[in-house]
């Protein structure tokens, strides 16, 4: 059996944030959510989150995670003290305990799996993850033989000059035999500079300790401040971009674009500079996005082009052109072959196949049929000050420039709305509707004061 415990009780003072450190966002998910996800493939029998600082807020944020047990550490008195809190709740448990840190979000699932499998095959009481760092300053040094058996872990401040030449460091991630760990946890001492109980001290107390060296040191980067958060964001973004480039996506300027792990791209997609993807996005084959574009929780079909625009919580069909400077807001549904032009906003509206809104328009709470042509400056006036109302425009209808459709109103099929009209009543199919003041011209007006 396997239990996974995530240490998430720390305050994160150096973040200088009202938000607990483990709830800081990284590529669309919190740090601790990423840590939990990294161990998901192991299918542990128990998952425990050790909480402390703002425990209630952390629990509320993660209440959607099925089967997650919360264990309170109060006060926060070190990593060893944190794991001591598991003693009563894991009484009678038989198996391994994997200990992860809630602020180390870049661990790959394959690395964690290798740690657990290596621990099981070695017969060790504890196996710890290690990394060789170019600059190990501040990290505890791990001393081990060529077979991987650990003899000692010495904190940086306690190392001699010779010992500091060893760049094999402790990543703070462990796989224990729970029964062996449970015996030594009560023996931990706080006789150290910080007056805390260190989980590291259990390694020397257990008969057999092994280590597994991680191939990529970036995996064990911890986050204590905003700079480190940004560095980890950069590593994760590069992983995502590399993956999708290997899958047939072109990033013209990769470093200027950001993704979420819930993005899905078809083949031969081209992403121009300064284009960003948030949340769950689906992009069809042969689409071209950007530059200067945001796609947020949206679904785009094949051969879609979006230029310098925002598409948020919207659905876009095949062969659609959007932008520049268009804004598709939540519940916009744009059909096959549509055109959304410059300075157009669409909200909670559907556009049938082939419809066009080319310039300077607001389409809100509306249903447009197929092959509708919306003239420049057309507005659906959907709000009466209290409630929103719907505008319906039938197939093959067109509105003249600078028209206002005052909802609720229904425009039939094959209707023409004259330019400059304000339409307040329904218009039957095949009609021409003009609702504007009659033009009046007064000759010699300029001479009136002479």
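For all residues, glycine too, the Cβ spot is worked out from N, Cα and C.
Keep in mind the model is a prediction, meaning the values are calculated, not measured.
Residues or ranges marked as active site, proton acceptor by Swiss-Prot: 359. Neighbour density for residue 359 (active site, proton acceptor): within 10 A of its CB lie 15 other CB atoms from the protein chains shown. DSSP classifies residue 359 (active site, proton acceptor) as strand under the three-state reduction.
The UDP-N-acetyl-alpha-D-glucosamine binding site annotation in Swiss-Prot covers 7-10, 21, 73, 78-79, 140, 155, 170, 224, 329, 347, 362, 373. Within 10 Å of the C-beta atom of residue 140 (UDP-N-acetyl-alpha-D-glucosamine binding site) sit 22 other C-beta atoms, taking all shown protein chains into account.
Around residue 103 (Mg(2+) binding site), the C-beta neighbours below 8 angstroms that are at least 6 residues distant in the chain are 10, 12, 21, 22, 31, 222, 223, 224. Under the heading Mg(2+) binding site, Swiss-Prot lists 103, 224, citing sequence analysis as support.
Taken from Swiss-Prot, the feature acetyl-CoA binding site applies to 376, 382, 383, 419, 436. When secondary structure is read from DSSP and collapsed to three states, residue 382 (acetyl-CoA binding site) falls in the coil class.
Under the heading region 'Pyrophosphorylase', Swiss-Prot lists 1-226, citing sequence analysis as support.
The list of residues near the region 'Linker' (227-247) in space but at least 6 beyond its ends in sequence, with Cβ under 8 angstroms from a Cβ of it, reads 15, 24, 26-27, 105-106, 218, 221, 254, 257-261, 263, 265, 267. As annotated by Swiss-Prot, region 'Linker' applies to 227-247, with the evidence given as sequence analysis.
For 248-450, the entry in Swiss-Prot reads region 'N-acetyltransferase', with the evidence type sequence analysis.
Taking CA atoms as the reference points, residue 376 (acetyl-CoA binding site) and residue 359 (active site, proton acceptor) are 5 Å apart. The most crowded of the binding-site residues listed here (362, 383) is 362, judged by how many other CB atoms sit within 10 Å of its own CB.
Here acetyl-CoA is bound by 376, 382, 383, 419, 436 per the record. The longest Cα to Cα distance in that group is 22 Å. When averaged over the region 'Pyrophosphorylase' (1-226), pLDDT in the model lands at 94. Residue 21 (UDP-N-acetyl-alpha-D-glucosamine binding site) carries a helical DSSP state (H, G or I). Secondary structure by DSSP for the region 'Linker' (227-247): 20 helix, 0 strand, 1 coil. Cβ neighbour count for residue 329 (UDP-N-acetyl-alpha-D-glucosamine binding site) (all protein chains, 10 Å cutoff from its Cβ): 17.
Put simply, of the binding-site residues 382, 383, 419, 436, the one whose Cα is nearest the Cα of residue 362 (UDP-N-acetyl-alpha-D-glucosamine binding site) is 382.
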